[in-house]
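Asker: Handing you this structure, nothing more for now.
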Amino acid sequence: MPQHVVVIGAGVIGLSSAILLQQAGHAVTIVARDFPEPFETMDPLTKINYTSPWGGAHNRWVPPHPSLPPHLTREHALSRTTYTHMQRLYHTHPHTAGLTFLKGVEYMERPGPAQEALSTPSAPNALDLPGFRLLDRSEFPGGGSGSDGKGGGVTWGCEYDTWCVNPMVYCAFLLRRFVNRGGRVVRRELRRPEEGFALSAGELGLAVDGGGGDGEKGVPVVAAVVNASGTGLVPDPDMTITRGQTCLVAEDCDVTVTRQNEDGTWTFCVPRGFEGGTIIGGTKELNNWDTKPSAEVRAELLRRFVETYPKILGDKKELTVVRDIVGRRPTRNGGPRIEGEVVPGAGFVMHAYGLGGRGYELSWGVAEAVVEGVEAQIKGAAAKL
Ligand SMILES: Cc1cc2nc3c(=O)[nH]c(=O)nc-3n(C[C@H](O)[C@H](O)[C@H](O)COP(=O)(O)OP(=O)(O)OC[C@H]3O[C@@H](n4cnc5c(N)ncnc54)[C@H](O)[C@@H]3O)c2cc1C
Ligand SMILES: *[C@@H]1O[C@H](CO)[C@@H](O)[C@H](O)[C@H]1NC(C)=O
Ligand SMILES: *[C@@H]1O[C@H](CO)[C@@H](O)[C@H](O)[C@H]1NC(C)=O
């Protein structure tokens, strides 16, 4: 019997979860304060807590390693699952999904043990990353000429196959697909996920008198609520944000580049495709709630990127700034929370939040886990009857 599932959140996590739940045969309603809209008219002041528009967003493979936090092992598996879904989506919708496949290039000034493991001559690609190749010194920025302050500080580099999305083109595509297949959407701000269980039959798209509304007082039975609310509904003491300032420029780029500098800063670009320019980034500032972009930071980000990858300029002298971006990555101490919880007096809540800087790259893996959690709950509840 199809079950009603309410998904709170229309960021990349809520949308992906809603689509896979729907595909598994459930009747799904998305309830959210914010929905995808064109990036060009997105208001940074009112939408700062809706993270999905402000992401890059690319997939950057993050190799797990025994010396690194254990949640990275799980996240790597989620990113592999997501990659497979993205390949399929690209195959069926190359012009409409907002998705681009391209090379990812990584440069590091100080590689760690995970990179060293990928550089072993006997097993140069132990993780079997698609299209993986170690770069030769001559391919490093500045021609690998050493620490000359002109990008020569890079000591390790690789390239691989990966993907980027134009976030709002991609999220709007997901939303359209969901609604086109019968999904319901309600724009509403909730205070607690438990409120998802108390939505009226009308809001769930049911005939008000019956039609499946078999709960008490005309309240229909919602089998599960998915908590995909991003940066926060009620406080989870492990939740915070990581501020990111980036800059959108009009130029395209043929690859997505990530450079990790010795001082802990990042220099990267994410081409958005679909006439969306390229994101040049970016900062990672834990617990910084400042909403305003800094002009000095922008200048520094652009300068460092051009130094790392001058090819982006073509025959221009400088990059063409479209707008500054400030976003809040939903960061969770110990990694994302993807698990079910029975909330007394309400029902089964499947949590899917705390994706930090990796929401897009883990999205389909998280959505599969959400379906698994919800179905295990429904089967368990049926077995008890
Ligand atoms: C500068 C920057 C660069 C990034 N680059 C990348 C990248 O390259 N690759 C990558 O994978 N990720 C990247 N990210 C991270 C990525 O954007 C996030 O991980 C992702 O967008 C989180 O999605 P989400 O669905 O969890 O949350 P959100 O997108 O924040 O969605 C939350 C949803 O919940 C709703 N909601 C919240 N509270 C309530 C409430 N009380 N009532 C009703 N609805 C509510 C909101 O309205 C919204 O619909 C980047 C982020 C930033 C800031
Ligand atoms: C964003 O969230 C913070 C923290 O919950 C809150 O103080 C702020 O008012 C919110 N901003 C907007 C524009 O909703
Ligand atoms: C739901 O998700 C938010 C993150 O958006 C989190 O803070 C909260 O603790 C979660 N759980 C509940 C029961 O609200």
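Glycine is no exception: its Cβ is also placed from the backbone N, Cα and C atoms.
Copied straight from TrEMBL:
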- 1-18: signal peptide (SIGNAL)
- 4-372: domain 'FAD dependent oxidoreductase' (DOMAIN)
- THR51, SER52: FAD binding site (BINDING)
- ARG329, GLY357: D-dopa binding site (BINDING)
Asker: So if I draw a 10 Å sphere around the Cβ of GLY357 (D-dopa binding site), how many other Cβ atoms end up inside it?
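Answerer: I count 21 other Cβ atoms within 10 Å of it.
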Asker: Roughly how many Å separate the Cα of ARG329 (D-dopa binding site) from that of THR51 (FAD binding site), to the nearest whole number?
Answerer: 6
Asker: Excluding near sequence neighbours, so keeping only residues 6 or more apart in the same chain, what lies with its CB under 8 A of THR51 (FAD binding site)?
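Answerer: GLY11, GLY230, THR231, GLY327, ARG328, ARG329, PRO330, GLY359 - these are the non-local Cβ neighbours of THR51 (FAD binding site), listed in sequence order.
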Asker: Cα distance, GLY357 (D-dopa binding site) to SER52 (FAD binding site), nearest Å?
Answerer: 10
Asker: Could you tell me the mean pLDDT the prediction assigns to the domain 'FAD dependent oxidoreductase' (4-372)?
Answerer: 92
Asker: Take the Cβ of SER52 (FAD binding site) and count every other Cβ within 10 Å, whichever protein chain it belongs to.
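Answerer: The answer is 25 other Cβ atoms.
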